[in-house]
């Protein structure tokens, strides 16, 4: 019964998990460094993953520990902060595997004793209360767990852990299918969803019962495993025996010893005693002789057990004396242990486990635990056993060597002492019995010499690039001779048999030509011209929505001497007459303007004063609106004084009222003080005596007597009655505290008053002027400043400068996303106007989807990949030379996951100066230093060009560069400009649900910190406090430690920068904040940690996360924010479906609200009116026909007018009936006029989600994510910026620079993508400069620990990716060989090769990259893409054109060259140009394997789901294609293995011989005095490129040729592994050897054409699926165009088949 319950429920759990697997996100786990996401690793999952690793052989302990440590070090190097958890119950799963019990125990001890990793072993099970509490306290972001165990029962244990983690809102990361590169670890993430929590709540009892049943079953395993070996001995008896053995050893070896010796002698002695007892229990009677005899054929004698123990002791002595370098050369014995040996070995493993379980209890004993990782080496044991039973008996007698022999005798004699119960044999001979321990095999020793090892050596190549880049290492490399078969068999440039009519060498059109031209730039067609005009009009309209800057007309200027704007200008000694007249005129004009403004104020003053009396707040708004438009200081002073008088009056009235007597509304007092601030700061010089008296009186009324006295000292002392009377108006707190606590967001910022003639729209800050100076001096700069701080202005100034200099200079703006490209293009077109020569335009765009005016514009806006295409295009160099400046926006993408290396290429290829902008870089100094080194390189190159130019001029020849290129003298300096101050403060709030309503609790930034964090890292540099939060911090410090020495000094009223200060400024508040932070830090450093901890705890909010599904409360959250006047807001979620669903849920909420308000008969009336309207329309149409035929015009005109009037009336009534009430929409109807609204809606009429977005927009709602078309995104962006939309849900697409400022930002979904970087980018949108004085950030359904980590985590450091690929090398050689300007081309190529960020200041990495470059050349030459001089040939153009898809591009061309596509693409009948559906489907199958690779987790294969439309799992490649792919992969791996063997010389062998994490070394002097050691360790060949630890499992270099070999078998310090080999796996396996199937989404869609089918069966998100299919369709189209260009035969079957497929696929895609 129990088993049935367990089976049924476990199947239900398993199905739930399997159902989630295809939806798993395969993504990078780490983006943060320093206190990043805290996560957990299930220790048993880690153990299972490593022992099931393909390269690992059971019993090789040291290799196992190396795998564990290498994995953990990889996590740590990527910023991982984790704890490893071993549950006590998990041990039950190993009772059938005693060898793993001891390995697990050793692993736990090793991690605890020899590393700093936090290891937890106290939790009994995942269902325990302690575990639940731990999860609540630490809130790990995810748990790494295995999806499959060693057997079904262990798999069920893992399933319980997964289900429980989900129930606790902890995400799960699968240990299978993980891949790692230089910066990222990619894994399958299964997020915790509400449905998982529901499942756990519903099945709470079932889960408990099933878990108990499972444990009972595992407990029975323990008994059944022990009984046959230990008989009646119980668990506790054996434990006691083990304890006694160790205790006895402490007496024998009181001085202590090494764990390997201790483990050896104790486990051997316990094994012998247990086996002795085991044999005794088998004796038929007690009266027999004491000599033990074999009871039956399955039971070996005690002597055989002794022999095994002797061999084990000798093995351990080998471990003690042989360094890893020698052990890594051990012979590989392939024989297995004989069947009769199994009981002995099982018992020995159990004894080892019991010894290890007890060893840590002897902590007082001097036991060295360093070598816990090296207790067993089964391969070495087999080697020794093989020698003694196969070689020694045949007459091969080899000495052990004195040292080894002595140590062995010492160990065996100790075993003898520990046994005591009976006599054991002498140390020698080692074998006294003749039973074979190993099975007999024909070839028991693996012969590596028979394995195929590629011929070491490079093909000779001669090229300028090769010599310049890798020339210094060529002399040390082995090269093949010219008569070597590899060289003589090189593919010559010839026409391939299958491709007779193909011109493979013909230059292809590049990506620029391919990308869709939005309109023909040279066309004179009126329709085209009209579409161009419409486009430019819309762009200006779009640009106008981005900013309210008037367009500037640019006029090209002649080059003048530069002015220095930073210093003061010297006055002239004498003014000319003209200057005097001009000055007088200006004065007169100013006086006239002032008079007008005074008249205007006189006209408005009465109404504003009345408004101030009726409603102070609306009156203040009108007053401030007037102040914004007024320029006269005198008039402004009058207005401010009126405002101050009104505010004081309102305050006095309020204090006298009943309400004011109980609780005072301090917002009125804030308005009083705000007016005083304004008067004192801006108009201090204009104030009269009466004005000062009024201000002083106001201060007295507020209770700030000291401030009043300092401003206007009282002449007469006031009597007590007056003082008492005035006390009732006092705010009750000191002026400093009042200003900080209640006026923080109003505090005046220190801004410069002096305008800069270079900028008209605003007065730039000092740091912004520094940027302008950079541009003026033609310098480069890295600019790091917060979001919305104004760093982009430097970009537009840079553009303006280039536009003014000439008509042909170009500035390139590189943006990371298409959304940002569209936005910047619109801004440029709105900002600047310029009359240019015919054919030239001001602004152009180039993205992969479309382009316009890209090469005939002066400002090009593009994405990195497209700019790289232009820089690497051999025939675009003349255009590239026109570039004067490049602006890189969001340059931190250099450290991203996808396309990061492209940013590197661009930064090193450009010769001109650049601006690199970012809000989030934590190591800008390192980045700047690297970029400066690149600029020094270009300085040298430019000098060479100048010298060449001079010599060419001397001989009368033209220079290669435009004349003005060298005239505009650029600087090679790279400046770093840092600015850390946000204009607006951000305050954070946590949302919680109480009694069905949403509550907000303020989250103080210090609540995110711990004393440990402050001690280790200090306060994060960008963790700032608002003035109110500074006061809260002081109050908390004072409350916790009232007698703290500096309490009075840091009291707000006494603080040095506030003391008796009337106007406290923002900078003063910042100084106070810094003082408090420094004081709290000193508390921690001076031993007052507990007080500091209590302060931080005191600042934490009390709100708890609600257990319910908070996303269902999302509409309520939005409604609450509206009531609090916190809209417009951006709501960030991280799944496309969630973004759309959240927006839809808010719309549904408003619709339901409207329905409850609609009168009962409203729908019926609307229906009646709609019917009437239809009839009237018909009547009007009929009347028109009658009018055309009839002669009686007058009567007909009257009839028409009546119909039209009725029509208009009905339309108005119907509109009124259907009108959305104001409280049922979030749209601000006043923000946008109807015409603008219709224009925006009109653009999305034919878009996929157009109608849906329009319906949402009418309610003031929108959504924004990557799968939307750019027109759909523009609708949301424009209407949000104009204020019409006030609720927008979005993914991280808005984080990268898109200009959508708002009042509030809400994080409404936890995700792996919500990291420190994205948090800063997204939260930076809150608080619109000039509109909001403060920004608000809300956390909705984000756990407290996660919030803390987001606030305190540093942003990622920028670190270099692996910079090279085979296709990049081909593209570089193509540029060097075919470039229009060979010198410039070669300089660019060398810059890319020499200046990767990865190799900066890393000479060893540079040497490795040089070798990788040579490996790439070797492959390209062999495959016929390059000749031996480095010139492109064959299908080099097609391969480089498909560079996005390496290695699929290389495989595709090899299929083409081998004629496989010609064999496949056979038409339905001879002479036909049409291909059958079967041919098309096979073609899609092949292309899906190449360009549509999306893997399922391996465990999903076990699922038994019914699929309705899709096949889901992609079939294998057709046999001929599969064979060709295997051949291609073998060629690649042969070359790559050669490369790895050569590059292994660069390895740091000191590091290679130590464990990566614990740094335990296995080095030492090799043993040379032992003949046996020399004999056993004789396998030195073929073990050069792989780690010596990996060699312990019998691996060789030739294993690298096998595609299933894991990436990390290679040497760790060479900086490259097998993932850099461009192989394309026909079948992919995880590290345990399980097959990972491909998702057949592309082929399934081609068959059924349904996105819904992909959502239901293929488990894809609709938006993701559409995006992937579009990408697939673009690739097919690109290939189709390339093939058409390369083939001169119009009727070639392959070309026709691809054209048919492209057309059909696009037709299907356009229908969805």
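Glycine residues also receive a Cβ, built from the backbone N, Cα and C atoms like all the rest.
Here's what Swiss-Prot has on this protein:
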type    : residues                               : note
DOMAIN  : 772-939                                : domain 'Helicase ATP-binding'
BINDING : 785, 786, 787, 788, 789, 790, 791, 792 : ATP binding site
MOTIF   : 889-892                                : motif 'DEVH box'
DOMAIN  : 1226-1370                              : domain 'Helicase C-terminal'
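Here the motif 'DEVH box' (889-892) has long-range neighbours at 782, 792, 795, 813-816, 820, 824, 903, 916-921, 927, 1296-1297, 1317, 1355-1356, 1358, meaning same-chain residues at least 6 beyond its ends whose C-beta is under 8 angstroms from one of its own. Local packing around the Cβ, expressed as the count of other Cβ atoms within 10 angstroms, is greatest for 786 among the binding-site residues 786, 790. Sequence-distant contacts (6 or more apart, same chain, Cβ under 8 Å) of residue 789 (ATP binding site) comprise 919, 979, 981, 982, 983. Of all Cβ atoms in the protein chains displayed, 19 besides its own lie within 10 Å of the Cβ of residue 787 (ATP binding site).
According to its DSSP assignment, residue 792 (ATP binding site) is helical. Cβ contacts within 10 Å of residue 792 (ATP binding site), excluding its own Cβ and spanning all protein chains shown: 20. In the predicted model, the domain 'Helicase ATP-binding' (772-939) has a mean pLDDT of 88.
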